[in-house]
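> Take a look at this one; I'll ask things after.
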Amino acid sequence: EFILLGLSDTRELQVLFFIFFFLAYAMVLLGNLLIIVTVRTDPKLSSPMYFLLCNLSFIDICCTSVTAPRMLVDLVSQRKAIAFEDCIAQLFFLHFVGASEMFLLTVMAYDRYTAICKPLHYTAIMSRQVCWVLVAACWAGGFLHSIVQTLLTIQLPFCGPNTIDSYFCDVPPVIRLACTDIYVTEWLMASNSGLISLVCFLVLVTSYTFILVTIRVRFTEGHWKALSTCASHVMVVTLFFVPCIFIYLRPFSTFPSDKHICVIYTVFSPVMNPLIYTLRNNKVKASMWKLWKRCK
């Protein structure tokens, strides 16, 4: 088994963290479930953008549920132990849904690029069948990435220290506990996770660059609305990708700040998604209001 040190060993801070993260987890569940129900029940929200948004909300729920419940339990427990099998399972599902979200955010950027830069061909390029294929490819890519990370981890011998300076099991802190030279394994994992984060981020930056150039050339009210949507997307991308690139695109030497940085993409980013996509989107807000009146 491994011992998780958590975010703090001070009892007062643990109580504050429990209240804060419990409320954050509740917001993730309620906010993203509300988006899913709203998109699924309103025929007006049938465009590819809202289909992808619905999938993003589902992934955010999965991503936060991998780490948050365990963290909440540990915050009120005296001994924060996790079995080796549970640790590996948490590692696998975290990278599965995390990589799937990276790919999905890239697909969402491509959707916005197509809508703004090629509006006449948008319905043909982003048909419902194409959207399903792209989402399936995101999940398949996430699974492939995660299985590689997991297989590289479980083949390592663990016979020494078992203390993980974090609140969940992740590749960097876990493989540092292996009783063998992990130099090659470190670089294999960094090239896997780190390069995926960096390449997806560069693709996103490129797509937004094309969007900005297009809007500057032919600026209309419709393009302004599209730019507003992209601005909210950029906020999500920044919250999610920058911490991931910092954590994974380097040799896995653990810094004390790493576990606090991980909170950004495991908790804060999923919390921000429903806020950004509902408060900045009049169409979604109107659909939610209709759903509320229908349920009263």
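Even glycines carry a Cβ here, placed using N, Cα and C.
From TrEMBL, here are the annotated features:
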DOMAIN    31-277  domain 'G-protein coupled receptors family 1 profile'
TRANSMEM  15-37  transmembrane segment
TRANSMEM  49-68  transmembrane segment
TRANSMEM  88-110  transmembrane segment
TRANSMEM  130-148  transmembrane segment
TRANSMEM  195-215  transmembrane segment
TRANSMEM  227-249  transmembrane segment
TRANSMEM  261-279  transmembrane segment
> May I ask which of the stretches 15-37, 88-110, 130-148, 195-215 has the most CB pairs under 8 A with the transmembrane segment (49-68)?
88-110
> Out of 15-37, 88-110, 130-148, 195-215, which stretch touches the transmembrane segment (261-279) the most, going by CB pairs under 8 Å?
15-37
> Mean pLDDT across the domain 'G-protein coupled receptors family 1 profile' (31-277), rounded to an integer, is what?
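Computed over the domain 'G-protein coupled receptors family 1 profile' (31-277), the mean pLDDT is 85 on the 0 to 100 scale.
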